[in-house]
6 protein chains.
Amino acid sequence: MFYHVKELQYWAKPERPDPVYAKKLQEILGGQFGEISVAIQYLFQGWNTRGNEKYRDMLMDVGTEELAHIEMLTTMIAHLLEGAPVDQQEQAAQDPVLGAILGGMNPQHAIVSGLGAMPVNSVGVPWNGGYTIASGNLLADFRANLNAESQGRLQAVRLYEQTDDRGVKDMLSFLIARDTMHQNQWLAAISELEAQEGVIVPSTFPRELEKREVSHLFINLSRGEESAQGRWASGPSMDGEGEFQYFAEPYPFADAPSLNPAPPYIHDTPPMM
Amino acid sequence: MFYHVKELQYWAKPERPDPVYAKKLQEILGGQFGEISVAIQYLFQGWNTRGNEKYRDMLMDVGTEELAHIEMLTTMIAHLLEGAPVDQQEQAAQDPVLGAILGGMNPQHAIVSGLGAMPVNSVGVPWNGGYTIASGNLLADFRANLNAESQGRLQAVRLYEQTDDRGVKDMLSFLIARDTMHQNQWLAAISELEAQEGVIVPSTFPRELEKREVSHLFINLSRGEESAQGRWASGPSMDGEGEFQYFAEPYPFADAPSLNPAPPYIHDTPPMM
Amino acid sequence: MFYHVKELQYWAKPERPDPVYAKKLQEILGGQFGEISVAIQYLFQGWNTRGNEKYRDMLMDVGTEELAHIEMLTTMIAHLLEGAPVDQQEQAAQDPVLGAILGGMNPQHAIVSGLGAMPVNSVGVPWNGGYTIASGNLLADFRANLNAESQGRLQAVRLYEQTDDRGVKDMLSFLIARDTMHQNQWLAAISELEAQEGVIVPSTFPRELEKREVSHLFINLSRGEESAQGRWASGPSMDGEGEFQYFAEPYPFADAPSLNPAPPYIHDTPPMM
Amino acid sequence: MFYHVKELQYWAKPERPDPVYAKKLQEILGGQFGEISVAIQYLFQGWNTRGNEKYRDMLMDVGTEELAHIEMLTTMIAHLLEGAPVDQQEQAAQDPVLGAILGGMNPQHAIVSGLGAMPVNSVGVPWNGGYTIASGNLLADFRANLNAESQGRLQAVRLYEQTDDRGVKDMLSFLIARDTMHQNQWLAAISELEAQEGVIVPSTFPRELEKREVSHLFINLSRGEESAQGRWASGPSMDGEGEFQYFAEPYPFADAPSLNPAPPYIHDTPPMM
Amino acid sequence: MFYHVKELQYWAKPERPDPVYAKKLQEILGGQFGEISVAIQYLFQGWNTRGNEKYRDMLMDVGTEELAHIEMLTTMIAHLLEGAPVDQQEQAAQDPVLGAILGGMNPQHAIVSGLGAMPVNSVGVPWNGGYTIASGNLLADFRANLNAESQGRLQAVRLYEQTDDRGVKDMLSFLIARDTMHQNQWLAAISELEAQEGVIVPSTFPRELEKREVSHLFINLSRGEESAQGRWASGPSMDGEGEFQYFAEPYPFADAPSLNPAPPYIHDTPPMM
Amino acid sequence: MFYHVKELQYWAKPERPDPVYAKKLQEILGGQFGEISVAIQYLFQGWNTRGNEKYRDMLMDVGTEELAHIEMLTTMIAHLLEGAPVDQQEQAAQDPVLGAILGGMNPQHAIVSGLGAMPVNSVGVPWNGGYTIASGNLLADFRANLNAESQGRLQAVRLYEQTDDRGVKDMLSFLIARDTMHQNQWLAAISELEAQEGVIVPSTFPRELEKREVSHLFINLSRGEESAQGRWASGPSMDGEGEFQYFAEPYPFADAPSLNPAPPYIHDTPPMM
């Protein structure tokens, strides 16, 4: 169960309205790696954790924090939209700066949400539950989380470069720092789990059931051998189970496929003569 | 540019038709972590790589291999659908085993694709470009790739447990082994990049611009302190820049927000008395 | 069965082309509360009505009218796109007013639809059957309809504020008036149904089967008690079945959950030591 | 900012696993009117409220409660999935009851989420931000909320009818009672707002700017006059601004449209001879 | 503008309820090539036609008929759902035939639509405006329409094979016949347009502006030359502008690409040493 | 199985960066008729072909070529994005030309993909597997392919008109020529199949099972008889099976529908008095 307090976790007031930037900021609210994604993802991972209370508690801690980040961003977007001059069409037709603002903002911010934030990304595509990753396997999922915080910090940093507003930059510097912590955190949790179960997910599938002759084989399917220079092309494999090998001139391991004709009730093309 | 040869990379014939399993197998073809996802993801990462030819070549190698895995799965699904008895409704109304098969298969396999595979997941939701991750930052993206291969191998292993067909199991044992290699590979590539630029993505943003006082702070927002026991709660941080700290009784760093009234042309609720 | 006549239900010619406004107008054609939504929604509600011919007939009347509104908007959008100067790139690179127009219009109007309307919203996201509400319960659905006409009129009014074109304003004044009627109409139909079956949907579920101790309880989960001042916090409940109560310091009614470990064939994280 | 406590708001343990019912229960978690929808909707409405602190506080109270309902349902679904016999394919091929269970469950519960809940509906379609309604106009939005609680209670009641598990029924009886309260609550809030600003949304648009001659006119576009019997067809209108009228044999108010030919750079069909 | 009459264009009563078949029938109502798709597609093509009144009128004729087909299918689905025994869970747990029915039907038909049709396909994915094709170029669009009627008739025929209900078969035989007519119709319209403007769409782009040396060249990119046997590999081209040629051992016409490094404010991976 | 070579099939360097045009070019990469669509479509058609090796081989040839076109477009888009001045906000606020560029580009190109191409269309909506058409019936599918190449060439031609960059125009002139070839090719393949099996898809359904009295009947449902002038309204039908007829004043062939009341466990509106 959750409780809400009205104070924001962190806040800085923007210096001025900026509806075009409000549209961009939607990316880290409702995009693939926005705050809605990580909130839903961590909470579902927590709720689906079976045993391992330490990890469940940690997931609920972080998922709950991400709800506060959603709140900070919706508030910032609503502030940036204040004063969007959407009723000044006549002027805009003459004034190209005003025209560029009105053409560059998300029209739904004026028509649909009444100058409020929306659960959509920076091009207006709605947030989608299909972004969520919660598999029940914690090592797999913590890798998803490390990626999410890496992509999320990268996007926040790029947005930081795209504004001169000191208030916005201040708030982003808080979110960027939290992304730093969360990358640190998932790296720590991953190192704990890898130390215990090894690096290959899932660790519980008997390795002898996989086709082991290709478990450490790099296959050179794009002509040119620049890829032979990487750590993945030779030397001991990362799972400590073998040696990397480089398959320079790869061939198929099987024949061409052949399907039987469809039965009549499927009404495919009849066989040609 | 690409060339195709008709031979499959690997193949094993299923022992018998199984339209219900064909529906399930769609998950690792057209699901969030199916072969279409990794093919498109690695190819787009390769095409968007700027400099760093070794990584571009490697991405094109692996992306091209995933195209072959799409081909293996479409072929397997088409074989499993052979003999789907969709014209035997009258019998099915009496024979519950037949009824369960017809009720459990994906009806589009009979109505839409004519017993062929489709670019959809195991519940029939179409594959979506929004799954794709290609940011231009290789360390971020290789973490996405490690996650994709972890989720992908986990799903393939779960599917392996859900069939007794030796042909299907044989083909899956090849895909599982390749997922082993690909986890090894992304781990190797990540270790190369982290050795050079450090573990926090992106490495190029000046750390003094972030709000450093919260960069190593774990915030306990779910009541109970089980999460204090993790590696992330104390000791040196993973980025070597500080010490993890545990904020046991967290409070907000800011006040409650307050938005200005909307202008009249937005036609919000007028202020209440 | 339907018949079409070529005359528009209402029409006013726009004074001039305006491709940026054409993009905005797509919201009330193909957005969540656009004319496609209400047409499909009312028609499906009508087709699914069981008994109650008066309501079925009324739904078919209004659904059929909404088809005419789709037609009015597609025609208006096609007119507004006439003269979109998409071949004048060289000039646009110099002329910022032209540049703002070309940057602010929906590029699909030039590339995909050939200056025609599309079944998409103002940011280009396609209309989606998931917007449709048709539950078989008329009181529930008429509330959905009242909302749809409220949101729809609000959006039309906001669009009215965003143009100076007298032709466009004239056509919108017709649609706004019809939304007025349709709000009136759903209010009337709701009052009929509520008079007969009461205000809680569905009325046919025995009230003693619900956990009645929380049926009239307002729970104060956001710190601060401003919400205690509302009609919902004290006095007789709207369904006449009790008194509103205010739960100022709420606590959970249950314990913390605990899930069993997953079985081995699921390959979750093994239990940590 | 939010805090989490581990206790559930309410809880009752299911009597036995039931993976087919787990799939159905996803509807009120991740469907159009599931708990994710109302949580996101109320929170966004709260965050976007400008002035009117009483309503903002109330929205945050209820949105925060819906987060607890998400938690209750994810926990229930995880319990119902315990013991899903997905590794018993060989038996299922013989045992039609087992076959029907395996064919009727959502395969992603076994392959993707590892026996956990997902943010999807009962057919597996992911939750979508496009369901969210938050317009900035409180009367419009409270009508959306009343509809959401009506549809939500209807769905919960239908699900109540589809199980014999006393634990599940007990938990549903709590959610149904809360839906009763929330219908009461939105009715109360609506009556407050309508008393102050009238029943037509938005109230701030000058009525003389709409085409008033059609503001109270019912148009009979489906042959047959059953619809003339309703409250909407005669008598004073609900907004107190006029009399309902019935347009029995409606005609268009305008001529047939005519579009100009597309310019050459659009490459439409050339004019036919 | 449209008028509705209550009579169905054609109708036959199903012999018995069949909720599993109701789910399948959704494909030709709300699937990619269902009646909603063709109705919306033809109407939008008609509304966007500029000049060429004969084609506009014809498109409105056919689009209006497809609305009647939507109505026939929603009615049929509602009939097939009558008597869906969703409250008989206890029996279903014992009776595998009943269990297969309840597991095989679309659960939303019971929970969401109250035994009514929905604008979704046979796996429950909502209809999507992105299916719609209306480009402004009539020859292009009539080819889309010919395909739609081909896929649509194919799906209706496959569904005809999947039922023994004489009422359902009777209604399908009407829809199949109309699809026959519509294939005939689009073939006729295409032949008119091709006779006038040639077979390559668009006909108005000067052919000398395209890279003519590859305009009639078949490129053999899948090893093996079975494709050399087709009409497309030799002989005069269909547009009468040249001779088909077969490029048996194709090579690239260009060099490998090379992108410049990203600027610093993008924060990509720094160049490796 | 596939092999990649690093050379592009064709290439021409753009004269200058143009981030607004990069956004537009996404349409023919990730739109409904972009290169991703045709690549996936032809490959799935090939993989699902049963018998008919000539067509399978041809489909694999063309599908493999489309992969090369994806590569050409991703490379072009990455080049056009080089130098997108997204860090020059302060200047943009003064310089309307710069403002129009920043407002008109896709913000995700700067925030998400780091100046790389994405699998999305020109308004940023992700590519969707639901665009794919692969039915198992080759004549049906080749008609889909002819449409795809017609729409695709039309869009490429429109984009050609929207730029003055000679490099971009050069590359487009190659893609346009290939679309010419592919229209030629599908026309040739269609003529082969139609010669063998006739023009109505599917050819294998006994014509006497359809309601033949409406198989050649044009129904005039939009008032006005312009549509009587077409080839489809009189004369021998295209399938050689009858004569076209024109139904000038059409009436329904059936009565008004009537549904039974829903059972109590569905909780619809109770019958009104």
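Please read every residue number as a count from 1 along the shown chain.
Note that Cβ sites are derived from N, Cα and C of the backbone, with glycine treated the same way.
Listed by TrEMBL as binding Mn(2+) 1 are B:E35, B:H69, B:E149; the candidate from B:H4, B:H79, B:H182 that the record includes in that site is B:H182.
Residue environment of B:N220 (Ca(2+) binding site) contains 24 other Cβ atoms, counted within 10 Å of its Cβ in all protein chains. For the recorded site, B:N220 (Ca(2+) binding site), the DSSP three-state label reads coil. Between the alpha carbons (Cα) of B:D57 (Ca(2+) binding site) and B:H69 (Mn(2+) 1 binding site) lies a span of roughly 19 Å. Considering only the binding-site residues B:D61, B:E66, B:S222, B:G224, the residues lying within 10 A of B:E35 (Mn(2+) 1 binding site) on a C-alpha to C-alpha basis are B:E66. Highlighted in sequence order, B:V38, B:V62, B:E65, B:E66, B:A148, B:G152, B:L175, B:R178, B:D179 have their Cβ within 8 Å of the centre of the Cβ atoms of B:E35, B:H69, B:E149, B:H182, the residues recorded for Mn(2+) 1, and are not part of that set. Of B:D57, B:N220, B:S222, B:G224, listed as binding-site residues, those near chain D by the criterion of a Cβ under 8 Å from one of its Cβ atoms are B:S222, B:G224. Least packed by the Cβ count within 10 Å, out of the binding-site residues B:D61, B:E66, is B:E66. Looking at B:H182 (Mn(2+) 1 binding site) and B:N220 (Ca(2+) binding site), their Cα atoms lie 36 Å from each other.
With an 8 Å limit on C-beta distances, none of the binding-site residues from B:D57, B:D61, B:N220 reaches chain E. Chain A comes within the C-beta cut-off of under 8 angstroms for the following of the binding-site residues B:D57, B:D61, B:E66, B:H69, B:N220, B:G224: B:D57, B:D61, B:N220, B:G224.
In this structure the alpha carbons, written CA, of B:D61 (Ca(2+) binding site) and B:E149 (Mn(2+) 1 binding site) are 16 Å apart. Of all the binding-site residues listed here (B:E66, B:N220, B:S222, B:G224), B:E66 has the Cα closest to the Cα of B:E149 (Mn(2+) 1 binding site). For B:S222 (Ca(2+) binding site), no same-chain residue lying six or more positions away in sequence has a CB closer than 8 A to its CB.
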